[in-house]
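Enquirer: Can you read through this structure? Questions will come right after.
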């Protein structure tokens, strides 16, 4: 059947409209997947890196015999600063502008608490087993919840309490067969809970209230 040019244009417009609608549907579906994909990738990456750091630190401190956990902490921070500076220079992870309303005392307090937290964690890992280290790490989260309730009257839902309890019990059961510790190491582990909880609270407040990012903090750190 012979078609007029008008008919051809109309058919072409219908094809274009169909393709455009399909692209729109694909784009909307992709945008709906991104909010779930981003946190999933971040959590998985954080889990893998955290476990790897703990195991490598234990290997360096015990198997290799590197007896300077504080100096190991210093090496951690130097490597972190260099890596963040490289990512910023390559514009791979551009830093958002830091908040100008943030007081210098808040940043100084966070830096001091973060240093104490990481240093005590490495000392605890040197003298205690990985299982005992993980048990002490479990206690940090309840300490955060208690501190936020006392200081800010912040409450968490019953569902979160149940989830926190289940996770804590699960990690405890998984590590209960490896609870080897030194008396000095146990004291350090207990002392580590306080600055670790304070570090999480201070950093969370800077992120939520002052719009700080990790890159912005590292870039502005001396």
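Positions of Cβ are set from backbone N, Cα and C atoms, glycine also.
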Enquirer: Among 15-35, 36-56, find the range that TrEMBL records as transmembrane segment.
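Expert: Of 15-35, 36-56, TrEMBL gives transmembrane segment for 36-56.
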Enquirer: Rank 36-56, 68-92, 131-152, 183-203 by Cβ pairs under 8 Å to the transmembrane segment (104-125) and hand me the top one.
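Expert: That would be 183-203.
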Enquirer: Mind checking which residues of the chain, 6+ beyond the ends of the transmembrane segment (183-203), have their Cβ under 8 Å from one of its Cβ atoms?
Expert: 106, 109-110, 113-114, 116-117, 120-121, 123-124, 126-128, 132-133, 136-137, 139-140, 143-144, 147-148, 151
Enquirer: Take the domain 'Sugar phosphate transporter' (43-197) and average the pLDDT across it for me.
Expert: 81
